[in-house]
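Input: a single structure, listed below in structure tokens.
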Amino acid sequence: MDDGHRNQGRHGFDDYRYQDGGYTGYAPNDPTYQTGGEPNQEEDAQSDATEGHDEDDEVYEGEYQGIPHPDDKPKQKKAGLSNEFRDHDELIAEKMEDEEQLAHQYENIIVECGHGRFQWMLFIVLGLALMADGAEVFVVGFVLPSAEKDMCLSSSNKGMLGIIVYFGMMVGALFWSGLADKLGRKQCLIISLSINASFAFLSSFVQQYGFFLFCRLISGFGIGGSLPIVFAYFSEFLAREKRGEHLSWLCMFWMIGGLYASVMAWSIIPHYGWGFSMGTHYHFHSWRVFVVVCSLPCIASLVALKFMPESPRFLLEIGKHDEAWMILKQVHDVNMRAKGEPERVFTVAQIKTPKQVDEFIEIQSSTGTWYQRWFVRAMTIIRQVMDNVVYCLTAQYRMNTLLLSVVWFSMALSYYGLIVWFPDMIRYYQEEAYKSERKTFEPEIVKDFTFDFNLRNQHYLNWTFKNDRFIQMKMRDVTFENSLFEDCHFEDVTSSQTFFKKCTLIKTNFSDTDFYKHKFIDCEFVNISDFGEKRGCQLDFEEDNDFLIYLVSFLGNLSILPGNIISALLMDKLGRIKMIGGSMLISAVCCFFLFFGHSESAMIGWQCLFCGTSIAAWNALNVITVELYPTHKRATAFGILTGVCKVGAILGNSIFASFVGITKVIPILLASSALVGGGLLALRLPDTRDQVLM
């Protein structure tokens, strides 16, 4: 097939299913099918000129009807099949040879284009997309203490909300990265960011838990494509000598996203007046404002991407030579003007493009409907994406893919598990200190007294209250045990973790309180008909120290900065493998010293040290993943490994959180073992710092 048909078959996306009798499938490689079955006009002309005559001017029956001689059919069929298989094998071999030549030529072209203003502009634009990904990880954790009250979330609901975001990111990473290798980096990144921004914004307005859960799932699905696409996209504008360092600088935006989320949460969420209400049922509280603000980096990146070009390396891979050449010339001219050398001319005239191999042949059909055409397009792309996934497990890449999967998983299991475990442990130490300050009062009789002040962290044992009034007050962590309430009155009382145990209540009135039935344990009621309960959620919520949560997150992300700078400066000097192995082993040692952390300040300090040492491994993993795979499989491979990473994150969150307050041994040993095992396995990976991008 000629290049015109080949490009049409690969990129036109007007596919149709070929149906003939009992057979349904993709049409064979035949120009007749590509023109809707219309006869070839040149062949008709030749038939008219020679009608009724064979080579020896002998007339045979049926020739005037254009029917081939019976003796020619077996030969033509055999020759056609042989040529088809031979042509396909030759094209594959030529394509691989062309790709290798293109890789070296493209490296020289990027060096000629230079590293300057264009790369820094793209750096900022793609960095905003990574910043959105970093913020997304922390959004749910920051809004849960407030959202649980608005939506009346149980512990299982909160756990599901935390997991669903990672699940969406896992699926999104696999889906968008596969499409990016077929449709282009820029186009897929724009679509994925649009989905994230739209559903993140929508989630801030919804009131029902189920709809909010769905919006966060789709939002995570959208942002899941950012990490694999961004690194594949940016790497294809970098020369070999700049690649490791500048991809590491790009990683810093993930840290900035976490800092941004922490600062915005501290600035917005505690201010309950930053919102509005519509009637008695719709409330737009400050935590919803925070959700909107956290979507701004995604929106900014989305707008800026409109002005960025597609990756020229990807365009060359799919045979779009002229478009790729124009973009490379643009990169060259922008950088040369910024350097004060506008007179320098882009000297590249021709770039090698790989042979294009058709995977599916499109045909035109006048009977096909629009949904049939879209269905075939979707099935074609899905099949191509699945082929890319399988390609990453072929003999050439299988060992590297498996090793990287283990390393990514072990890093995610320990890192994401510990960044959830650290705040939980700090909160646990706070609660233990808080419980140690609990006051227990000896038996006493109180008559005709009005309680109009707050009670906190108190235990009343064997008390007697007669004709007392509890009005406009708050009770937190208050327990009345074996006490008597007679002719008492409770009005406008709000409570948290407050219980009545084995108490007797006689002729006691309740008005506008949240003393629901589950707060009375083994109590006796005499002449009480109405508890005057408040309407709304009946769950009991703990009061969290919001400032400490934000501070812990802020310090953890800030501690990444020194490690990020050091890893960027040493990435091309030490190499990717030493960076991964060394960083993971040092992080494992930091985990071991957690055994000696018995206070809030100690846990915060060890968290900062762990985050600062582990970031080098993350940076090196991102770089080596980009460099190990060819252009037409790069984003797909990155997406697979990102998906594996999210699986590790989900398991880490679930496992580590379940041991808070029980034991530190299992989380610490699990994290340390995973880091040591992953670091040792990483040493078997090939070092790619001197390798051109294939």
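From the backbone N, Cα and C atoms, a Cβ is placed for every residue, glycine too.
Features reported for this protein in TrEMBL:
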| type | residues | note |
| --- | --- | --- |
| COMPBIAS | 1-18 | compositional bias 'Basic and acidic residues' |
| REGION | 1-80 | region 'Disordered' |
| TRANSMEM | 120-147 | transmembrane segment |
| DOMAIN | 122-689 | domain 'Major facilitator superfamily (MFS) profile' |
| TRANSMEM | 159-176 | transmembrane segment |
| TRANSMEM | 188-205 | transmembrane segment |
| TRANSMEM | 211-235 | transmembrane segment |
| TRANSMEM | 247-269 | transmembrane segment |
| TRANSMEM | 289-308 | transmembrane segment |
| TRANSMEM | 402-422 | transmembrane segment |
| TRANSMEM | 547-570 | transmembrane segment |
| TRANSMEM | 577-598 | transmembrane segment |
| TRANSMEM | 604-624 | transmembrane segment |
| TRANSMEM | 636-659 | transmembrane segment |
| TRANSMEM | 665-685 | transmembrane segment |
The transmembrane segment (247-269): which same-chain residues, six or more beyond its ends, come within Cβ distance under 8 Å?
123, 126-128, 130-139, 142-143, 146, 230-231, 234-235, 238, 286-287, 289-290, 293-294, 297, 546-547, 550-551, 553-554, 556-558, 560-561, 564, 567-568, 571, 615, 618-620, 622-623, 626
Under 8 Å between C-beta atoms and at least six residues away from its ends: which parts of the chain pack against the transmembrane segment (547-570)?
138, 141-142, 145, 245-246, 248-249, 251-252, 255, 258-259, 261-263, 265-266, 270, 419, 422-423, 426-427, 430, 579, 583, 600, 604, 607-609, 611-616, 619-620
Under 8 Å for C-beta pairs, could you tell me which stretch among 289-308, 402-422, 636-659 has the largest tally with the transmembrane segment (665-685)?
402-422
Could you check if the transmembrane segment (636-659) is in contact with the transmembrane segment (120-147), meaning 3+ Cβ pairs under 8 Å among residue pairs at least 6 apart in sequence?
no
Quick check for me: are there 3+ Cβ pairs below 8 Å between the transmembrane segment (120-147) and the transmembrane segment (604-624), leaving out pairs under 6 residues apart?
no
Output the single range from 188-205, 211-235, 289-308, 577-598, 604-624 maximising the number of Cβ pairs under 8 Å to the transmembrane segment (402-422).
604-624
